[in-house]
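Here the structure comes first, spelled out in structure tokens, and everything after it is commentary.
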Amino acid sequence: MYATDSRGHSPAFLQPQNGNSRHPSGYVPGKVVPLRPPPPPKSQASAKFTSIRREDRATFAFSPEEQQAQRESQKQKRHKNTFICFAITSFSFFIALAIILGISSKYAPDENCPDQNPRLRNWDPGQDSAKQVVIKEGDMLRLTSDATVHSIVIQDGGLLVFGDNKDGSRNITLRTHYILIQDGGALHIGAEKCRYKSKATITLYGKSDEGESMPTFGKKFIGVEAGGTLELHGARKASWTLLARTLNSSGLPFGSYTFEKDFSRGLNVRVIDQDTAKILESERFDTHEYRNESRRLQEFLRFQDPGRIVAIAVGDSAAKSLLQGTIQMIQERLGSELIQGLGYRQAWALVGVIDGGSTSCNESVRNYENHSSGGKALAQREFYTVDGQKFSVTAYSEWIEGVSLSGFRVEVVDGVKLNLLDDVSSWKPGDQIVVASTDYSMYQAEEFTLLPCSECSHFQVKVKETPQFLHMGEIIDGVDMRAEVGILTRNIVIQGEVEDSCYAENQCQFFDYDTFGGHIMIMKNFTSVHLSYVELKHMGQQQMGRYPVHFHLCGDVDYKGGYRHATFVDGLSIHHSFSRCITVHGTNGLLIKDTIGFDTLGHCFFLEDGIEQRNTLFHNLGLLTKPGTLLPTDRNNSMCTTMRDKVFGNYIPVPATDCMAVSTFWIAHPNNNLINNAAAGSQDAGIWYLFHKEPTGESSGLQLLAKPELTPLGIFYNNRVHSNFKAGLFIDKGVKTTNSSAADPREYLCLDNSARFRPHQDANPEKPRVAALIDRLIAFKNNDNGAWVRGGDIIVQNSAFADNGIGLTFASDGSFPSDEGSSQEVSESLFVGESRNYGFQGGQNKYVGTGGIDQKPRTLPRNRTFPIRGFQIYDGPIHLTRSTFKKYVPTPDRYSSAIGFLMKNSWQITPRNNISLVKFGPHVSLNVFFGKPGPWFEDCEMDGDKNSIFHDIDGSVTGYKDAYVGRMDNYLIRHPSCVNVSKWNAVICSGTYAQVYVQTWSTQNLSMTITRDEYPSNPMVLRGINQKAAFPQYQPVVMLEKGYTIHWNGPAPRTTFLYLVNFNKNDWIRVGLCYPSNTSFQVTFGYLQRQNGSLSKIEEYEPVHSLEELQRKQSERKFYFDSSTGLLFLYLKAKSHRHGHSYCSSQGCERVKIQAATDSKDISNCMAKAYPQYYRKPSVVKRMPAMLTGLCQGCGTRQVVFTSDPHKSYLPVQFQSPDKAETQRGDPSVISVNGTDFTFRSAGVLLLVVDPCSVPFRLTEKTVFPLADVSRIEEYLKTGIPPRSIVLLSTRGEIKQLNISHLLVPLGLAKPAHLYDKGSTIFLGFSGNFKPSWTKLFTSPAGQGLGVLEQFIPLQLDEYGCPRATTVRRRDLELLKQASKAH
């Protein structure tokens, strides 16, 4: 692996094949092999050290026998000595060998570790901010201590490696203005197979207005030029996971409690639930003035349940009327020893436990002498909730300068414990983590510091700070709303050194802090770049090209680019960034994996020029993405209108259409892969796919082989988007690709509405369409849209939308879909209007109101009056099928509907929009709503509003099979048998429907009135699209086989086009257009090819002399002009077949052109003359079907739960716990397991035991314990529950004493719970050595029920001790592998 040049120097690495190549083909970029010195040459043995003592020996004469005996004796001695010598030598050899092996194992270098290269020389440059270091050929340096230098350039085989220790005890900080890695240079901190163990920090320092700026790279950077190597590999950590249990505000289920008041005379008392820390009662007893108050306190304490926590604090004075009986009650029930001697205005505080004795009581007293008396009587005790959270209760009473104060606090102590989905044993005390918002505002994301936690499992951590907001850790209503939790700390840190506040020309009008951080920039033809488990903090600058990680015009960086080891970034933590997270600029084939981008300015994961392809983003988390200044799409409202130096003239940008698009994932080309990512909070969008008409920026002028608009979508699988303001997922629009000019004064790269996504095979519009697949999207708590999707063929499947302003909107185009024949479909999906995630006020959540289902307070999207919709119909054609809707209930403030329509819609909606196999839950009051005049809907008079319609194929929406649903006041689609649904503002009709596309020339501000002959009193007035343009257009939906007349509010158009839209062969309508009586006509027919604008098969219409003749010849090209009424009649009848979802026929769009010649400028409204002459009695063309009865078979999604870990199985469990009145009414108590109901109607306890290792589920035991025999449950819980079991318990009726608290501790509770005199008790537990996060206890006061509770229990976890099943299929990993192969 190493080669020596002619001068005897050894370069650190051999060059790769790509770039400036000097490496042989066997080189693997990034692998580090230390250079071993050659063994010493073998030399001739030096002189043998023979030390033979020459001794004079005496000679003796022996007889032959004696000589023989002596020889035998000597021989035996020699054998014995030889054996002894051999044994000693062998023993010494093995001892020496063991020592050598021990030493070598301890000191031999690991060839995978760059810092163990024996050719490295220790380097300690010291602290010299003026030193400009150049590491060149022959320089192989190991940094061993802190250093400050001006700059470092590594070139021509130079190598810089950070020293490390096996025990990770080194802590090295290198401060420098920049590090430039040039051809042949390399910087290593750890390696993939030998991760860095110590702490390494590179601090990039310098101010924007000081010092020189380097060409290309600028200031404060790590730059990699062609031939350079950058390998940074920190210790592995679980990058991010999800909460497995809800993290409550203040760390307690009902929050913390703080109270303080002056002169609150008497004894102030709080009763606290010992299991939940909830304040149960708050009372004041004026025992100073009134003896009755003393008696009331005595009775109050008498009826408290044993075990309750009681806190008491004196306000002002409490002793004067305090009766002895009350004193004794306090002594007996709370164990007080100081109450007996309580005197005038003495400050006294107590925290005790009812019937807990003196050992449970903590109290304090301070004497009062005069107004100058001071001192605080403070009592405090610590407790645990049943979930194991430690909390304290504090009571205090004091005098301060003559003012009496008393107060209470209930708060967590010693940190808050978090339960997490994955093993986080790699997270250590002192690490920083972030927990994402699970509400509408991304600003509810919170940072925490980890504390030591000896009692925590591998799935738990303890945090120092107290949570301010609620963070969900549950699957709610079948939707995974568990908050993401990311680790920000890494042991390799690259950070920008920043000033205390903004300065110089750093956009200080928008930011009050320094935004001039460091940056990493990688150029084309680098040798090797791999970054893993590195923390980047205060990186990026509000300047173009200066980002935390920036792959700049690198081309192909995988195998296609000649890299045997494809380039990746893995496990990075990029936080508090000043410009983006990772920029992929003119770069293809990059893998971005397990990376966190938190608190950034501008688009976070950013694909820049619209040419970036084949990049894979796998399991990344982005949150708190804020506006920046670089591009118009980064900017917010104020930035957009203030930054006008690049617009033309005096143009003022329009924020909503030019800017305001900042996104966590900005995907500028569809041929990229997104798998398992989370966009958990952006000012505008979570994931935004946009489509460049041509390459932009530094890629401008490059010729793309395929247009992004036409390119099939890469892999989109299992991504989640929430807490975004504009949209979770947005597929639409592009950017302006021309400079500002008088013709278009908008800024270059501002948001543009010209692009239309229409994917085709090989990006060739002449080849078949390729449907873009959005598979497994979870979108919740997005203020506006969960997803807005515009394009050609797009399929959304296996997805869930909850608590969004609008769940999902499909859009195509205003008149005709750009991609002829395309359609959009959503299937196997779930829509939830108002879930049990009620949210939490604060963190810029602006709106709070009352929920429609249970009237509980909840945070709201957009506005308190905003109409919530699950699926929004727009344009078309769309198909909604096999989907379920839950919890859409209006309130007095707002409408809420499962299905709705785009409000204030001026464009077309096709009657080919269709719905089938949908299911509506019991809490859906409005299946459909067409809007009504009022807030948000305004006057509901736009053309699209009036023509809203869809086809209910199977009756699953309306109960009428093969029916169409339109707005109630639309008489173009009605017949006498139609059914009105007033609360929907809808009408349900049978029939066949199509559209007429009417276009006129040179008729600005002209409104069209269309009237059906059967309903002349109910015309429809259409304002037209683009009223001020030269070619306004109108597109009403019409019932086929009917007659219509068309009128105008101004002079009749001289040129009018009528297009038959969505007509099948032989479909027809008759139209009569109003003209002055002296008008002459030229009417022609032709097929228009919309792709190229050509016209074919042109035919002339000929006049006939009567309407009767026209009716007889309706299949011919004829027209009839009735000059008495001014109506030009003709039949619009389709001659050709229409295929699939095409708006037009297979021959082209059938079009009639009317050229009118008249000198009249009168208003052309013929209504008064046309009717009643042409009135027809309303009739039914297609019989109205009978209303369906019974349940819709096979309707709704087959999936019960939608999670971000779809490879796991979850068991849905639902409890129905009625209250006393409901019980007396006969309502059952129910435990439902995976849809199977277990019902009981008699007072007692139902207990189910479920096998946690079986899917879907296996019930192993069902036992009912009647009230009369309820004590048997104690023995059953002791001996009857088998190991490795899920335990589900529910009570019915009031059971005064259920002595099983201590028996629930082994099943998951942290301590015995208070179960006396409860209305209902519900418990989920686990019998085994593992304590899952889902074990829970719910109780309600006497007479009250718990309503409906739903839990989703994971099955087949290794921690349960389940037998190893076959390998779980991981679709995400299969797709990742597929994406890598596609590279």
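Every residue, even glycine, has its Cβ placed from backbone N, Cα and C.
Marked as topological domain 'Cytoplasmic' by Swiss-Prot: 1-82.
Here Swiss-Prot flags 1-50 as region 'Disordered'.
What Swiss-Prot records for Ser10 (among others) is phosphoserine, and it gives a large-scale study or a structure entry as the kind of evidence.
Taken from Swiss-Prot, the feature phosphoserine applies to Ser63 (among others), supported by a large-scale study or a structure entry.
Feature annotation from Swiss-Prot assigns transmembrane segment to 83-103; the stated evidence is sequence analysis.
Look at Swiss-Prot and you will find 121-245 tagged as domain 'G8', backed by sequence analysis.
Under the heading N-linked glycosylation site, Swiss-Prot lists Asn248 (among others), citing sequence analysis as support. For the recorded site, Asn248 (N-linked glycosylation site), the DSSP three-state label reads coil. Counting every protein chain shown, 21 other Cβ atoms lie within 10 Å of the Cβ of Asn248 (N-linked glycosylation site).
In this model, the domain 'GG-type lectin 1' (255-412) carries an average pLDDT of 95. Taken from Swiss-Prot, the feature domain 'GG-type lectin 1' covers 255-412.
Sequence annotations record features per position, and here Swiss-Prot assigns N-linked glycosylation site to Asn292 (among others) based on sequence analysis. Around the Cβ of Asn292 (N-linked glycosylation site), 13 further Cβ atoms fall within 10 Å across all displayed protein chains.
Summarising the annotation, Swiss-Prot assigns repeat 'PbH1 1' to 669-691.
The repeat 'PbH1 2' annotation in Swiss-Prot covers 711-733. Outside the repeat 'PbH1 2' (711-733) by six or more residues, the chain places 436-442, 444, 480-481, 614, 616, 623, 660-661, 663-664, 669-691, 751-753, 755, 757, 759-761, 763, 770, 772-791, 794, 804, 811, 1204, 1206, 1371-1372, 1375, 1378-1379 with a CB less than 8 A from a CB of the stretch.
Sequence annotations record features per position, and here Swiss-Prot assigns repeat 'PbH1 3' to 791-812.
Sequence annotations record features per position, and here Swiss-Prot assigns N-linked glycosylation site to Asn914 (among others). Packing around Asn914 (N-linked glycosylation site) is summarised by its Cβ count: 20 other Cβ atoms lie within 10 angstroms of its Cβ, all protein chains included. The secondary structure of Asn914 (N-linked glycosylation site), as reduced to three states from DSSP, is extended strand.
Annotation comment: Swiss-Prot describes 1208-1366 as domain 'GG-type lectin 2'.
For Asn1234 (among others), the entry in Swiss-Prot reads N-linked glycosylation site. Within 10 Å of the C-beta of Asn1234 (N-linked glycosylation site) there are 15 other C-beta atoms, taking all protein chains into account.
Of Asn248, Asn292, Asn914, all annotated as glycosylation sites, the residue with the shortest Cα distance to Asn1234 (N-linked glycosylation site) is Asn248. Counting only the Cα atoms, the space from Asn914 (N-linked glycosylation site) to Asn248 (N-linked glycosylation site) is about 43 angstrom. Secondary structure of the repeat 'PbH1 3' (791-812) per DSSP (helix as H, G, I; strand as E, B; remaining residues coil): 0 helix, 13 strand, 9 coil. Rounded to a whole number, the distance between the Cα atoms of Asn292 (N-linked glycosylation site) and Asn248 (N-linked glycosylation site) is 40 Å. Note: the repeat 'PbH1 2' (711-733) comprises 0 helix, 12 strand, 11 coil (DSSP; helix = H, G, I, strand = E, B). DSSP assigns Asn292 (N-linked glycosylation site) to a helix in the three-state reduction.
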